[in-house]
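The block underneath contains the structure these notes are about, expressed in structure tokens.
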Amino acid sequence: MCSSPNVDNLEMLMLMNEDIPSRVINTTPTPTTPKTKRKTYTSMFVFLRTHYLFRLLLVLRVISSFVVCDIIPTQILSHKEREALREETRDMFYHAYYAYMDNAYPADELMPLSCKGRYRGITPSRGDMDDVLGNFSMTLVDTLDTLVLLGDFSEFETSVKYVIRDVQFDNDIIVSVFETNIRMIGGLLSAHLLSEYLQKNAEIMPWYRGELLEMARDLGYRLLPAFNTSTGIPHARINLRYGMKDNQLKRSTETCTACAGTMLLEFAALSRLTGDPIFEARAHTAMDGLWKLRHRGSDLMGTVLNIHSGDWVRRDSGVGAGIDSYYEYLFKSYILLGDDKYLARFNRHYNAVMKYVSDGPLFLDVLMHRPHAKSRNFMDALLAFWPGLQVLSGHLKPAVQTHEMLYQVMQMHNFIPEAFTMDFQIHWGQHHLRPEFIESTYFLYRATGDHHYLQVGKKVLKALQKYARVPCGYAAVNDVRTGKHEDRMDSFVLSETFKYLYLLFTDPRDLVINIDEFIFTTEAHLLPLSLAQLGNTSYNFRQAEEHNIMDFMRTCPSSNKLFPEKVRQPLRNLVTGSCPRSPATKKLLAVDFQASNADHLRTVYDMGITMVSLGDGKVRLFHSFYNAKSPEDGEMGLLFMEEMIELTKMQSLNQLAQLQAVAYRVDDNNSNNWIALMAGPSHFGPELVDDNFVEGEVIIADPIRACGPVLKNAEKARKKIVIAERGDCTFVTKARVVQSAGVLALIVCDNTPGSSGEFQPMFAMSGDGVNDVHIPVVFMFSHEFNKLSSAMHSKANMQVRIMQMIEFKRWQMTKENKTKNETITLKETESIEKTTTTTSTTVHTTKKTKPDKEL
């Protein structure tokens, strides 16, 4: 059973030391004349001479093949059964493909229940979900390279002609930059490369003259205006016809980390194939901008950020939705482009993820700035890509562990639900026929040769056939508990899900191309490794001071029988039984409670707890023991309420700990009555903690935005606290400008009228990684600053203090208690004086107190 894979792998290793022509159809050599050199995709093995990573992976395959002999998988899939599964996958693909072509084309997507096409602006809107649609026949473009892998050259050629004839991009439609890049540009580039490959090696498509590449270039130019931001991080959306001039886009400020960090593979390929460097340059700048925004203490990234200021809007950090493909593109950019800086960055992030986010095989989001604090109690289905990425980077053991956990979740619910809790209960019940789990299954099988992964693939295939197949294609599952369908078949079902399933059951030698000469994009489009030979505009990142030699270390897996059967065995009982466990007997923790979760609402109702909405997302809970379903539920309700009270207190304290206070006296400099206005901290400059504070007179910067090389009123600002307005330049630039004038501190006020810390979440201002700011810097929203401004107009030379808000609150409590005690003492003294009879003059024994400790 082991001889065949060993021979294959040994042959591959031997070939690495020989200069051989590319693998071709019918063994026809690839042309290598100077005239065709630029468009010929040379052998992976020549590339491997200098590419250590893939040499390592091939060695890993040799090791694993021998080890599989020692540990026989529980069920070996026969060659005949594997072929049958491959052909069944082919049938599944064509069932969905022809359902789309016959009933939906040229629409972007098929609606399998309605059996018609989904068009932007015609079909009822689904809100932000429709940003993926551009009325550019997305499913067909996304699917083209799958037809080549299936060996269907005739249908591929016909479909390419359809795309060239029918698809155009001059549409007045707002689309997602990220989705348009990975599905459309990626699909066009992959189809272009394969068209030229088939033209040379299969002697078909003699008419093709690079039309798909020109279409990709056109679309790329339409996306470029999105990158015109102060950070270089692109907008999330753009109008295909009007760029960023669309009125709906002028107020856009936010994007997700994955959205901004999943451009480089396609844009680099576009630059290197067209000779226009602007696409790759813009994508590198975006990646550099994101890298600067990581938390310097944890090396983690948040999930949503402001593209203009670089401030984090959501600091949740994990490996799932909102961040997933950013990590993927760091490592794959290193593979495709050969740039060490992306390996260094990936390794830094990877170590942080495995330190803070990973909990054995589980991955729970944490806060990037407080990495030991979990930010949610559930995982989402998109994290299923992570084991596949771990395989590529050589971290095989944790990949096996997390994949096994996901497989058990799938067995419980037939599919992996969109989100599930730590105990594998359903959080969100949808299943959109996502490809990530089967993608990781494919890579694990390629790395280990373990037939367990073929059995996993078989399980996925049968679930799709039983629960998702409908007469007109395959329908997403709206709820895995009920099996109810949704009128939705995303383009990735054809582009990725069936592609990885087909590859899993297919011997690589039976494919029409050498799959090892290509890298998969996040949408499973094929880009040849030989693109690295067309030029590299990046620089040697080893010179950067922020990295050390450990950041460039590659992982080499142990060969001491590290292999799946032994790694999976201890995890077999993570999930008990084949059906979801009832949450009825499980105690609901206050920290896990979500008012939007129907199961949680039902549970607290059984406990005798009722909920009243107060608006603005706030709710009030009431508990009645007699309304509980049972005495036991009533007792659990009491405990739940106690936990909720403690949790509320802790959340208030945590919020206070992050806030800064800008405080000033109410009346004059001799008054002990102070007002404190809330402000946000910064990730640069000294941190004001405990009882540390800065005090001084305030002055407005000139110019007010403090973006010039120097302040015009630098002499007046010296030894004072300067106020500057947000805008025109970064926060840290303002800090450096005012710091050069010898000021004590900087207060940055918001430039958005009406903004307020009472209704908007406070954030910490980001720096750029250079630690040269030595003054405290805080941020105030407009509402709070207006109060400060009014006080400044009523007082000349007003003094303020900047400190932690929690310290101000503590001082207030101390002062109030002290005043209360003094009042009681005075009343007691007056009572004694009234009852004392003497002929002498009454002596008033008022207590002489020390001045209050200053704020």
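Residue 1 is the first one shown; counting continues down the chain.
Using the three backbone atoms N, Cα and C, a Cβ is placed for every residue, glycine included.
Annotated features in TrEMBL:
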ACT_SITE  E179  active site, proton donor
ACT_SITE  D324  active site
ACT_SITE  E418  active site, proton donor
ACT_SITE  E436  active site
BINDING   T522  Ca(2+) binding site
COMPBIAS  834-844  compositional bias 'Low complexity'
DOMAIN    696-786  domain 'PA'
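For D324 (active site), the same-chain residues that are 6 or more apart in sequence and have a Cβ closer than 8 Å to its Cβ are A258, L382, L383, F385, W386. Sequence-distant contacts (6 or more apart, same chain, Cβ under 8 Å) of the residue listed as 'Ca(2+) binding site' comprise I182, T262, L265, S325, E328, Y329, F385. All protein chains considered, the CB of E436 (active site) has 24 other CB atoms within 10 Å. Neighbour count (other Cβ atoms within 10 Å of the Cβ, all protein chains): 21 for E418 (active site, proton donor). Sequence-distant neighbours of E179 (active site, proton donor) (same chain, 6+ residues apart, CB-CB distance under 8 A): D131, V132. When pLDDT values are averaged over the domain 'PA' (696-786), the model yields 88. Cα to Cα, E436 (active site) and E418 (active site, proton donor) are separated by 12 Å. Residues in the domain 'PA' (696-786) partition by DSSP class (helix H, G, I; strand E, B; coil) as 18 helix, 22 strand, 51 coil.
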